[in-house]
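Novice: Can you read through this structure? Questions will come right after.
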């Protein structure tokens, strides 16, 4: 095949895993969205392409009541059979999953695609809840945006199907791609179909948001880390669906549970049984089917380890053996915290951003509580990714001429870096920080990157010309452009490795998207053990879309005691006057 004209590459097919009533309010939406002085209008006119596991087309989250028709540029189609049709909300649905019967329908199978689509752009649905919990009006972040589903996954996702789905979405005319899927471990960009498909998307001006994976808190586990992708980690929100256990010594332990029956009020304290403590059988520890039949659990509260078994199956085993209640606990490392840095490019800080990803309520394919309109609450970066896709849709609607890199810059430079209690969040957990939707709509300055700007960066990674060609889809000459390290890319953050006596200088160019006749002054919070110098320290703009460049020199200081092998800081450009723009670039340093 390699000898045939037009051949680019071939590889063994791999499989990829699939990685709300409250979060819009948590993000300052939707009641405040129209106060930001912009035309975002809830994402109207924007088409979000969801690369996922299909969709429940008749769910009320995808009703088109009050929705305008799709833009004239839309070229997609709806591949449901018979009376199953799309509408002005769900404007397209295609499948790329092969079965024994041929190509499957885009109907939901894994109950993942409906959930992510509802988060990104679901219509408002009143009375959404699960077992009465998290009750309220469920709405997507961009409820006026259109949705197009590209089914690339059933139980697993194969890279050939993923690439075909991404290519189809690009050709159909989507504005954004939301991909809550990723490899189990990072691949070089030329060998990663999501990175390859995403590059073709940004060449067409299409923004791409991807989940960062759920393999934290171990270091360097972030996936989907190409710099042309918005890589999204997961954060908590300030809502708990709390369930409390009171022990015999009056100590109270707080957990969370959707299932809290009102008729569960035992008159006396119940005994607790921990199968893992009385049996060497691992299946009993996780309460697998049939594992508790020889353990006395009748009338007791059973402690089950999380493991890989579904909580519903654990509960059935406890109930079938007469247990009165169940407590499930995770290992400490099983939280949904995602780390970087990127293993493919140390000069790029990943994840880029974090958004709500823990206990998120959204549309579901089947009812788990006999509700007419099914919803479910699940967690992971699969949930945080469509939150950011929705935010990007709001920005795209307000600024339709902005490039994917400009939209990403607006999100990253306006993020906040402390939790709601004011405590700082580690940069390798949060990237630039937690998304601040309203500020992202009006960032003041943006760091833009053209697709061809990535070529010297890719050559600088040590890729061969053929490998770079796989990504950019044309011949390149790595000896022609000046090779640049990752940290020299015009990225909204700074990430570097500093050895003893090292000094590094990087250039950045910003574009004025705030006000004409504006002035910005730099302010630096230097990482411990690093001197940072910005030249010039003041930049001025006469008109909108004017550009200004500056350099930053990082020098490792000698004989400075550090508390960590990493350092973090920030460079902030503050506008003078009433605008109040604050354009923040995170600085991440690894000391060697």
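Note: Cβ is positioned from N, Cα and C throughout, glycine not excepted.
Unlike curated entries, TrEMBL annotations are predicted automatically.
The domain 'Peptidase S8/S53' feature in TrEMBL is assigned to 43-418. Here TrEMBL flags 52, 112, 382 as active site, charge relay system. Residues or ranges marked as domain 'PA' in TrEMBL: 283-344. Residues or ranges marked as domain 'Subtilisin-like protease fibronectin type-III' in TrEMBL: 488-589.
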Novice: Count the Cβ atoms, other than its own, that fall within 10 Å of the Cβ of residue 382 (active site, charge relay system), considering every protein chain shown.
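Specialist: Taking every protein chain into account, the count is 29.
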Novice: Mind checking how the domain 'Subtilisin-like protease fibronectin type-III' (488-589) divides into helix, strand and coil residues in DSSP?
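Specialist: In the domain 'Subtilisin-like protease fibronectin type-III' (488-589), the DSSP-based counts are 1 helix, 61 strand, 40 coil.
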Novice: Distance between residue 52 (active site, charge relay system) and residue 112 (active site, charge relay system) at the Cα atoms, whole Å?
Specialist: 7
Novice: If I take the alpha carbons of residue 382 (active site, charge relay system) and residue 112 (active site, charge relay system), what is the distance between them in whole Å?
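Specialist: Residue 112 (active site, charge relay system) has its Cα 9 Å from the Cα of residue 382 (active site, charge relay system).
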Novice: Would you pick out, from the active-site residues 52, 112, the residue whose Cβ has the largest number of other Cβ atoms within 10 Å?
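Specialist: Going through 52, 112 one by one, the largest Cβ count within 10 Å is at 52.
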